[in-house]
Amino acid sequence: DRQTLVAVLQFLRRSNLRESEEILRREARLLGDDLGGTVATVATSSPGVAAVAAVPPGKGEARGHCGFAPSSRREPREVGSSVLLSVMLGYKVGGTVVVEDQPDVSAVLSAYNQQGDPTLYEEYYSGLKHFIECSLDCHRAELSQLFYPLFVHMYLELVYNQHESEAKSFFERFHGDQECYYQDDLRVLSSLTKKEHMKGNETMLDFRTSKFVLRISRDSYQLLKRHLQEKQNNQIWNIVQEHLYIDIFDGMPRSKQQIDAMVGSLAGEAKREANKAKVFFGLLKEPEFDVPLDDEDEEGENEEGKPKKKKPKKDNVGSKSKKQDPNAPPQNRIPLPELKDSDKLDKVMNMKEAARRVRLGPECLPSICFYTFLNAYQGLTAVDITDDSSMIVGGFADSTVRVWSVTPKKLRSVKTAADLSLIDKESDDVLERIMDEKTASELKILYGHSGPVYGTSFSPDRNYLLSCSEDGTVRLWSLQTFTCLVGYKGHNYPVWDTQFSPYGYYFVSGGHDRVARLWATDHYQPLRIFAGHLADVTCTRFHPNSNYIATGSADRTIRLWDVLNGNCVRIFTGHKGPIHSLAFSPNGRFLATGATDGRVLLWDIGHGLMVGELKGHTDTIYALRFSRDGEILASGSMDNTVRLWDAVKAFEDLETDDFTTATGHINLPENSQDLLLGTYMTKSTPVVHLHFTRRNLLLAAGAYSSQ
């Protein structure tokens, strides 16, 4: 319709969207500058400009996907056109183009809110369903991935265009066909029955503005394209173009098992490109320093042989770290804090403990010591244990942070300034003298937050403690004075987790605002903001080399971020529920993740692949920890059990050839039961934290629940 086209072109010109204007002119074969000129009509089977402006079939393939613009890196000039298109399709995108104040244009564009006959939506969908169910087995599994995103978009389109009864009948007829792991999303969807409901709903906003990613083999894709073109089914083709990102690969189609293992997140799978970047997953070289011998004698081990036997071991540790790990980042890639004398002393202690460490394995399982919080009527919400296992902290729903000493040594504060001025600073035991004996106690309570405390983390040097809360702040506490030093304000909503870097100084936090932030203790503003998740960031973890941060989210994905530049270098999909625990293996190569679906998934960071699945828990997994040498993975869950898994066996003989890496044809071994080394029940105490001591004793913690 010429009048309409002219109005749209004028609108584009007024909005300075030259690029889009050109595209539309070309498509409409309207080349002269005179807007009043004749317009060749465009044949399209359903009313709407979508067919005019969308990329004609076939043009998108060169880019490896079909759609209007490469969704990952949209050039600014393309945004204008795609936003306009979205408005034409009756989808307002993030309010970027405001049509309200242009009455003449909004009258014209209202024609496109109606994208097809609402009564035919069920027919379109069931037609596609019939086609997919009748296709060959090898294609059926892959094409079935289309059901869910198409179902959601068609339903939203009906609701947006105020066809409430059609939307309701569409939902009732087809919602039962969707995979079981989308049930929670469908529950949210079923409550959106009016156009007004859609405005404030974040989940649905995400669904409309981010492209749902499907990974499909070229053969299956060609089959689908041919079908939709023959049927003249523009309705579905437009949604595919506009809202889906089809990641096409060459090779065999994937099986149902292979697809099921990888799907289930809010935005589909990760694009293969997302996991191609190089990741330096190796460990940094340990600094070298001499181990003083006199320390040995102080411990009262007077056997002459002892120190001599141990000395070669120390050299051994030194020599092992002299070789640079080929996969390690350059030592100075990110600035790390200098080692203080006290840190060196601690490293020495650590080496001594390591010399007495128990080698774990299937034949030698760790003892487990369980700390039960009794009468925790304040509601235990977070736990952490210091690296040397001397202190334990609990975060509570009554907004307190409580620190306990778990050794005979009591917790003491530093003396007041007046008393400190009297101390002889040259004396050998000055560090003892500055402590005030009158303050000694087993428990210290820290007040300051104004909401439940959801995350706690000790600094590696045990001088500081972090806590994050529902009140939107992260607080840094001194363990010398047991007072709050800083309140970091950056999140506007609850902060679900926080963790110190293994080298101290840096820490990470993640919250309801869907971003993770990297901080340094001496900056009150974040150094990096990691944005990309589509829902709350529920847990955060530093890689052992401190160059990367892993975040788990309620969008059911795990992302790995580069601290240096803030880029997302890995996206892992496969969990069917929000992620609540993360653990890196001590060698930095692997990541274990646990979620509300009761599964532990294992990932190879270098190749960006899922390499294992541990099934056994029946409820959310809140705690994961590798033993000090990485032979055993411990998992703790709301099902009141701690389970031990054989990590060595889980990671041996991995199939990480180039083909698997390129196409994601993963073959998960069905050997969860062979890898399970033991299950240990608690007395109705959900497990919220696990920690291996330096000698490989496993400490677990949780609050007894009487229900």
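Every residue gets a Cβ built from N, Cα and C, even glycine.
Marked as domain 'TFIID subunit TAF5 NTD2' by TrEMBL: 116-244. Per TrEMBL, the feature compositional bias 'Acidic residues' maps to 291-302. Here TrEMBL flags 291-343 as region 'Disordered'. Taken from TrEMBL, the feature compositional bias 'Basic and acidic residues' covers 314-325. The repeat 'WD' annotation in TrEMBL covers 373-414, 446-481, 488-519, 530-571, 572-605, 614-646.
Under DSSP, residues within the repeat 'WD' (446-481) fall into helix, strand and coil as 0 helix, 19 strand, 17 coil. Residue counts of the repeat 'WD' (530-571) by helix, strand and coil are 0 helix, 24 strand, 18 coil (DSSP-based).
Residues belonging to the repeat 'WD' (488-519) score a mean pLDDT of 95 in the model.
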